[in-house]
Structures are given as C-alpha cells and as structure tokens.
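Undergrad: One structure, as structure tokens, below. Some questions next.
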C-alpha cells in the first residue's frame, strides 16, 4: 500500500467498508487519483477494486456525475495523500450536488423533487 500511496495524489477508501457496513465478503473500493492519465481505470486485485483517474479526469467526472467519483468524495475516507486536495474536490462535489439538486439514495444519486 505504501508504494501505491507514493505514486498517487490521493487514495480514498469508499463503499461499504468506509461506511462501516462491510460484511466478511465485502471487497475494498479504492479511488486512486494520479497526476497523469493512466491506461486502465479499473484495476481488480481481489479483495480490492481500484478505480484510478488522473486529477483532470476526476475534475471532469465530478461534472459528469460519475457515481464512483461522487461516492468516493462524499462518503470516502482519505487513506493517504494531500488532505487539502481531498477537501477541495469534496467541496466541488458538494457544490455540484447542490447546484443540480441531487440526493444520494440506496439506488444512487437522484434529483430531489421540489414538490
């Protein structure tokens, strides 16, 4: 893990393990934010799924409402990396979620009804 952290700007644990809802068969969901674009975005190394994005891609995926990126930044726990960058990205997600009037449910991110 230390070499993985060394090569990443951020490594964030998210999903059931970050929320404290893991079962014995739950995997580890990790978002790795890198400085530069890398080839494969999804790296599966059981018991972990590692989603790797460059910092520029994360910025775009927030605007595109990528649920993996949103979940990681809203519910995730920073394992290693730049705490200020993590907070900046989390604030950006908060602003996008408010602007688009979204709410996280068990089925995902949905618009809030204004009735």
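Cβ coordinates come from backbone N, Cα and C, glycine included.
Sharing the features that TrEMBL gives for it:
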type	residues	note
DOMAIN	9-55	domain 'Polymerase nucleotidyl transferase'
Undergrad: What average pLDDT is reported by the model for the domain 'Polymerase nucleotidyl transferase' (9-55)?
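TA: Mean pLDDT across the domain 'Polymerase nucleotidyl transferase' (9-55) comes out at 86.
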Undergrad: Tell me the residue counts in helix, strand and coil for the domain 'Polymerase nucleotidyl transferase' (9-55), as DSSP assigns them.
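TA: Computed counts for the domain 'Polymerase nucleotidyl transferase' (9-55) are 5 helix, 23 strand, 19 coil.
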